[in-house]
Structures are given as C-alpha cells and as structure tokens.
C-alpha cells in the first residue's frame, strides 16, 4: 500500500471514529432523555422512596451525566454493554450476539434474493426500453413497492406455509446448530418478504442508470466489436451503472439489520428489531443502548465500505489526496 | 452461408462493399426522417473513400447503416441492400452480423473521450475482441493487445495496457480506438469523423496513422468527415453528401480541381487557404440544410443553389455517370458545372 493510500485510509478511520463518537452520544442521551424511571420500572410502583434511591445509587444513576456516559463508553470499548435491568438481567452483549446473526442473515439473504431478481429484470427492462417487457416489469415493481411488507409476508405465509406446505411454520433454526439446510429453509420466507420491496427499488434504480449507460458511445463501440447484447450488458454496462444501486444496497443492509421488526414478528424471529422493541417497551435502557449502538456501528461501517467500493466501481474516482 | 475466401475476393472483380439504393428512415413522433435517401456506392479491396457533408447530412447514419449497426426495426426502416464481402448485411441474423463486426468491418468513432469504457483497462478493450473473434487464450490476447498498441504508435504499450482510459490523452485514446478497430484484421474500416474531437495538432497524426495502416494492411477505408480539408489527398475517391443523398461522387483530385455540383464547389470555396490575404471573407453557403422531416421537392440543394432553375425545384436529379471514370465521375445535378462549355443545355 502506498503512503498516500495509507494516509487516506488513516483519515478515513479517524473520520469514522468521529462519526461513531457522535452516534454513541446520541444513543446514550436518547435513552436518558426518555421518560420513565428505571428504578420504578425494576422495583414496581409503591415502594418507599429510600429503596428507589438506593437502587439508583447502585446502578450509578445518581452520578452526573458525563460520568455516566464515560462509564458506559468505557464498558462499551471493552466489550461490556452492561446488564439488562429486566429479569433475568442477562448480559446485553450476550443478547445482542444471539440476535444479530438472525437479523444479519435475513438482511443479507434478502438482499441477495433481491439482487438476483432485480439485476436481470432491470437489464431486460433497460435493454428493451419502452417495450412490452419493460412496461410489465415497471408496473410489477410499482405494484410490489406499494404492498407493505406485513401484507406481503402474511400472503407468503398463507400461500407457501398454510396452503402449499412448502415451508415450515415459523420457528428458528440457528446456523450454529449445524443444520444449514434447515436454517435456510426457515430463513427463506422472511428473507423473501424483505427482498420484495428492496428488489422493486433496486430494479427501478438500476433500470434508470442502465438506460443512461446504454446510450453511451462506448456501448455502441462494444457492439461494433461484435459483442453480444448479453455480454455488453454484463461486462460493459452493469458496472458503470451500479453506483446508485450500490449506495442503495448499503443503506438497505444497514436499515434491514435494525428494523425488520414487522418481518421478525410475523415469522417469530429472535432478531435485533424485536430485541430493541421489547427492550424499549420494558424500559430496559441498557439493552436499548447496546442494541441501537451495535446497529449504528454496523450501519456506519457498511456505508464506509460502500464509499470505498466507489473506487473499485469507477477508477476515475481513485484520487490521490496530497 | 460462410464467408468467401480472401483469395477469391482479391482475384474476382466483386467489390468488397456494394451498397445499392440504401435508405435509412427514422420514424420519429414528428414524422419520417429520411436520414439516408437512396445511396449507392461500391468499394474495392484496399480502396479508400471519403464521405463529406455538413452536420446532419446523414453521413454518420450512412456509415452505421453500411456496417449494419443501424438495422430495420420498429423505430427505423432500412431499405436497399448492402453486400459486404458477399454477405447481405441487412439480411443476416443479428448473430450473423456480429461475426462480421470486427473481422470484416470495423468502425473508428468520433469521440475517443466517450467511446472507451471508463471502467475498463486499455488492454481489455483490445483483448476481449481478439478473444471473441480469434479464439485466443488469455495470455495470447494480452500479447496481441500490446502488439496492437505498438502498431498504432503508443509508447510503452505494456504499461499503457494496464491503464484506464482517463489516464491517456485524447490523441492516445483515439489511437486505442483505432487499435480496437484493427484488432481482428477487418477488411473495411469505417472512420466516422475520427479527428473532429481532437486537438488540431493531433488531427494530422491520427489521419496519417489511418492512412499508413490502411496501406500497410491493405484495408479498404471509408473516411467520414465534415471537413474537406481532412479528406484532401488522403482518399482515392470522394462522395459529397447533402441532405441524405450523394450529390457528387468522383476521384478526389477531380472533385477538388473540377467540382461539378454547385454544392461541392461551394464547399471547396469555403476552405480557408494560406495564400488568402488577411481578413478575406470566405464565401459561405447561404441558407441552411433542409429539414429532413420535410425535404424540398426536386433537388434538395435548389433553395440554396445559385444556378437553380424551375426544373431543379420540381424534379429531383439522378446521380449520373460513373464514380471511377476519369471523365468527371458521377453528379446529381440538372446543371452540372463545366457542362455548359461542352454542350449547350
């Protein structure tokens, strides 16, 4: 790695650290600013005030805000996200570690399915711009976009599980259990539910960019070399057209990991979305802080990775900062 | 139907390219636009032809139609026939046409800034077509790419092959575009305004390169340009195009020394010369080219022509004479210049 590239990377990492610092402050204060008293939540109402005060002291809640923040941050940096305040008061990090793979798998699998369907659809649409296939695909993606995911999920469950019996009723098989096929079998429907909306978006965005690219002179030049249309689409048109798609992909991945609550409920998946929602309902603030921070870190890191990928997608953006 | 053997083509009088009454009409929302309207021409092996005309005269569309890049379809109508090495370009299947592109006919495009894929390395632009058409291995095609870059005069070809288009200058990029066209040894090269987008200092180098490569590889060349100056002295013949039609088609020297169509004469008169005294006003052609959606009846140049008569505005003149003749070539004019001296009209 050249000195300039190393310098760029260092700057980028510092920038990331800054963003993450702001995120951590946001996550911390969000929960502090929330109404409700954790001590009351834990002990229940109607106890003598001294008991509440004692508990607050034990939990460090009587300390000034900045002290509490740095205590919390110190823990976070050493991998300790604290303990849940709700019985059985499990370690936040344990719960996050068990929920994260579920959400990540659904998100990644969903996006893969979405890409696998969206890319060929977009290519076909763009290649035959204005044709019958383009119009059908356009109308279809628009219809899918306007169907909310809870409805799509319900329909999928009704058809695929209840009527056809192709997929098992909701229950989760962990990848770690060694039953990869069983895991995929269970993950497919929720992933497909997630994929539907995303694929409609991907297809529309990629189609638009492809149409612009296909009008470029270098596409005509590739045709004049005798390349087949399919080859031109994949090897000449796709990469220069994929900026918006890749950006969208990064945003979707970050979003899906944290906020597929509806799909998780529908398929009773023990993912991050349900973890956060349950914790928030129970006033379990360390859990909310830990989970939201994890999601935020993943989001920021993924999108930093996306920024780096632009350099691969378009060599012209590989500038050397002096 | 397979491709004819190269030997039979060289020995037989069959021309490499034979276009007969080619018309390309775009169906636009505002009506049919006759971009190319009944053009016939032929080209022997190794022969060079210049096609000149103003912007919008249909010369690029003609070039693309000759190659089969523009074909009959829902938005375009192509009539007439184009025989390329014995194959009817427009009767072939799309896959059949693709086997001709690169090997039989290749094109050099106008703007080297946009005709190279910005995300592909220079070497890949060249190697992919030789792999496709000549079936070379990865390593062989890489060597061939470097050879091609060398052939078009690019210094440090091996290093350049690993670079992206934006790392090269405009002239270098146009050399790459030319190398791309040469990659599979085509017998016909169509260069569509190959120097228009380049700096004046580079233009001559590129034209010289095209000319020397054409001679060296015995490759027939069609040089399309709006600039008569680029064609002067570089091609065997010149075809002057106006509003989708050929108005004059003759040996290059003939057209320059003794233009017979009033349009050709006006074009040549508007070329600046070094021996003109400073501040001389060059003669420009009055008026504007006709709207191809609704071209004038009769001769299309008549509204701008200084010698036009009633006959010209009602009846369209046919291209008469033979392009290869020593006696002036072919011209489409009711009142060709120089004719009045020989015979009283």
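In case you wondered, yes, glycine gets a Cβ from its N, Cα and C as well.
Values in this document were obtained by computation on a predicted structure and should not be read as measured data.
Feature annotation from TrEMBL assigns domain 'ABC transmembrane type-1' to A:100-310.
If you look up TrEMBL, you'll see A:12-34 (among others) marked as transmembrane segment. Outside the transmembrane segment (A:12-34) by six or more residues, the chain places 65, 68-69, 72-73, 76, 283, 285, 288-289, 292-293, 296-297, 300-301, 304, 307-308 with a CB less than 8 A from a CB of the stretch.
For A:106-127 (among others), the entry in TrEMBL reads transmembrane segment.
Sequence annotations record features per position, and here TrEMBL assigns transmembrane segment to A:139-167 (among others).
Marked as transmembrane segment by TrEMBL: A:187-206 (among others). When Cβ-Cβ distances below 8 Å are used as the criterion, the transmembrane segment (A:187-206) is approached by residues 105-107, 109-115, 117-119, 121-123, 125-126, 137-138, 140-142, 144-145, 147, 149, 152-153, 156-157, 160-161, 167, 241-242, 244-245, 248-249, 252, 256, 260, 263-264, 266-267, 269 of the same chain, each at least six residues removed from its ends.
Per TrEMBL, transmembrane segment is recorded for A:243-267 (among others). Within the chain carrying the transmembrane segment (A:243-267), a Cβ under 8 angstroms from the stretch's Cβ atoms is held by residues 100, 102-104, 106-108, 110-111, 115, 149-150, 153-154, 157, 170, 189-190, 193-194, 198, 201-202, 205-206, 208-209, 273-274, 276-277, 292, 295, 298-299, 302-303, 305-306, 309-310, 313-314, all 6 or more beyond its ends.
Residues annotated as transmembrane segment in TrEMBL: A:287-313 (among others). When Cβ-Cβ distances below 8 Å are used as the criterion, the transmembrane segment (A:287-313) is approached by residues 12, 16, 19-20, 23-24, 26-28, 30-31, 72, 76, 81-82, 84-86, 92-93, 95-96, 99-100, 239-240, 242-243, 246-247, 249-251, 253-255, 257-258, 272, 275-276, 279-280 of the same chain, each at least six residues removed from its ends.
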